[in-house]
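Take a look at the structure set out below.
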């Protein structure tokens, strides 16, 4: 990891290993039992997955000092955006030469 000192790399690896252990501690439930029992096990598994995800995010936030999500993309002002709705433009943005037709069964 370029630009980091060795001690912080080791701390990051420890954090990632802890997160990996958290996810490995909650395997997907077995497909046994009645439909209701399977549904309940999956519901509890999803709830534990949400908890693990929240804990993992807190671990990374504590280590990195910022959320794990990427920075939002900067978009240009709305005044500069426009849609081209002319009838003769192609549907996929590709232009075809004048006089040619596309479609199945046309000759």
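For all residues, glycine too, the Cβ spot is worked out from N, Cα and C.
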Feature region 'Homomultimerization' in Swiss-Prot, mapped to one of the ranges 9-17, 18-26: 18-26
Given ranges 56-81, 82-107, the stretch to which Swiss-Prot attaches the annotation region 'Disordered': 82-107
Stretch-averaged pLDDT - the region 'Homomultimerization' (18-26): 94
